[in-house]
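Chemist: Here you go, one structure.
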Amino acid sequence: MAQSHMAMSMDPPPRWLDQPVMLHSSRAYKCSLNHTEQCEYQQGYWRFWYELDHRYALPTVAFFMTAIILFAVPFLLSPFVSATAHSKQVRRILALNRYLSYRAYRLPLLNWNSAPIGVLLLGAIGTIFFFSMTLGPKPYYWPNEKNPETGKVTLSFGNSPSIASRSGWMSLACLPFIIATSSKSNMITTVTGVSHEKLQVFHRWISYACFVLALIHTFPFIVYHIWKGDMVKRWNEDVFYWTGVVALVPQAWLTFASFSPLRNLCYEFFKASHFLAALVFVVFLFLHCDFRLSSWDYFIATGVIFSLTFLHSQLRIYFQHGLKKAKISLASNGFIKVSIPTKTTWRAGQHYFIRLIGLGTHGLTAHPFTACSLPSKAHYYEAKESELIFYIRPQGGFTARLAKFAEKHPNASMRVLLDGPYGGIDMRKLVSSQKTLALAGGSGAGWLLPLIEAFLRRKDWLSAGCDPESGRMGALCDGEGPEMKVILATRDLATRDWFEEAICGVLNASLTGCCPSGLSVEIYFTGKEENKMAAKQTARSLQALDEPEKAPDAEINIAAKTSSKSSDSGAEKVGALLSPTDHASRPDLPAIIREAAAESVSSMRVFCCGPLSMQNDVQNAVAREQLAAMRDGSKDIYLHMEHFSWA
């Protein structure tokens, strides 16, 4: 009997979901208050619990969709508008838009660049929206009453504080857009033209908003139930508190671990933990919402977005590219050269996520690298095989392991999976440019090569048919044509020499009867001493690579292995076609951009890939030129920035 009594007195285990499970909970409402005025107050437009998803979640969706549409419309219409048809007024508006897109601020002590002021303005508008929707409607807490002597609640409008309920719905409405801005195969990119890496700032900001709103959703419940006197009982008996806390913990990790200093400590661990924490967060948030009103609709939307983008990415990996063989070697300046034969196409500046199968656990993750070559020229009826080349600077983790592999196994092959291409340069901008500035620093040297090759191909095309004796006049027969100025700033001599040899290879492969007129190359050596590289021994670098996590900037220096004969041969080839100008100083990029913009050209394009300090100098210099363009409306100056790191 005692055992039977004990079994009967045991509480049943809590259910994760209310029964029966439905897609939407009921909106049926019956007022339990004593006065009509109280019922009308409870059903106020911004207060009525049974309509809060319509009052707060749907406006949040509308806010994000409005922002997407505002950027999608001009992008989708741009192919139908000729650049030459722009009036001065249109150019002024375009210059204002570009000023907002380029102007940024920098904190040198932290080596940190802000987002452009246009992006900051969007963030400010979002902040105002969420704070207005959270703090604007009243009350924050229902005016419930209780007997001070007995502690019994005598008047109750509800157990969910108003500010907690509305912030919870807005937080939930952020979820689909967090996923939409996180993926590489991106729907927003398709309709706006904004590449996935540039959407990462919005991915983080929307995540911050979601987390802050989740905290505002959490604490009022604690305050209310402490006032009511049943906080401990709720925690012990109510599964919604458990699932809410379990969802909040990984959400906090997702938010704070994504800060760049923490993320850069060990990127592979960050990436793995990010996916695991996201899975735990979504699962327990799903249980926490418990099909209240239309809450599960947002999980359906999130699941559809994630599934479509993931499926598209996997189809590209396995059906467009398939499993390929990559040849791994070391360039003369210590960069890792990865060569992959392929019949796919890509544009200058586009990047791939590559997964090299054969590096142990590093082969489980994909890493982004920019293509440093262009597809081979082919007729429309043939799929000519091209060589997709990446030049990778050895640093910590994955790249250090890859460098050590290349050192031990010269010209070895390794299986590789490709995901891409993504991003890249708008080739219409490059083709329509009268003057082009291509700027890079350090490991951005390889990024310049496809730009130079694209320029030379354009020169070849414009020169086609240039035969005055037979009466055929090409576009460049009068000696005029587009110009490109290439500037590389590097701290080591090996990269300078390697870049000259690489230019030689591009010239030999691209020139078909056309001289490289209009192309100038300047190389700025920013190292402190001429023998700076020689002081770094190969053995020391390889020792650092044995423990890559302890060597965040490990380098392999094989300059000593490069024979003087090879160097002289490369110099002779470069000298025969093009003579790069060497400078023993840092380039004054603002002055270079200012002088180029002052020339009598109507269109100028600036392309930059380099460290944060270089990016800041370039984008602010181009932003200043937009102010002049706003005054007279005669200039069309465009900037494309390629970031070393975007997350």
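The backbone N, Cα and C atoms fix where each Cβ goes, glycine too.
Okay, so TrEMBL annotates it like this:
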- 298-428: domain 'FAD-binding FR-type' (DOMAIN)
- 562-582: region 'Disordered' (REGION)
- 56-77: transmembrane segment (TRANSMEM)
- 115-136: transmembrane segment (TRANSMEM)
- 205-227: transmembrane segment (TRANSMEM)
- 239-257: transmembrane segment (TRANSMEM)
- 269-287: transmembrane segment (TRANSMEM)
- 299-319: transmembrane segment (TRANSMEM)
Chemist: Given the transmembrane segment (115-136), which of the listed stretches 56-77, 205-227, 239-257, 269-287, 299-319 has the most Cβ pairs that are under 8 Å apart from it?
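Modeler: Counting Cβ pairs under 8 Å, the winner is 205-227.
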Chemist: For a three-state summary based on DSSP, what are the helix, strand and coil counts in the domain 'FAD-binding FR-type' (298-428)?
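Modeler: Reading the DSSP string over the domain 'FAD-binding FR-type' (298-428) gives 42 helix, 46 strand, 43 coil.
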Chemist: Report, as numbers and ranges, which residues of the same chain sit near the transmembrane segment (269-287): CB under 8 Å and 6 or more residues beyond its ends.
Modeler: 16-17, 172, 175, 239, 243-244, 246-247, 250-251, 253-254, 257-258, 262-263, 296, 299, 302, 365
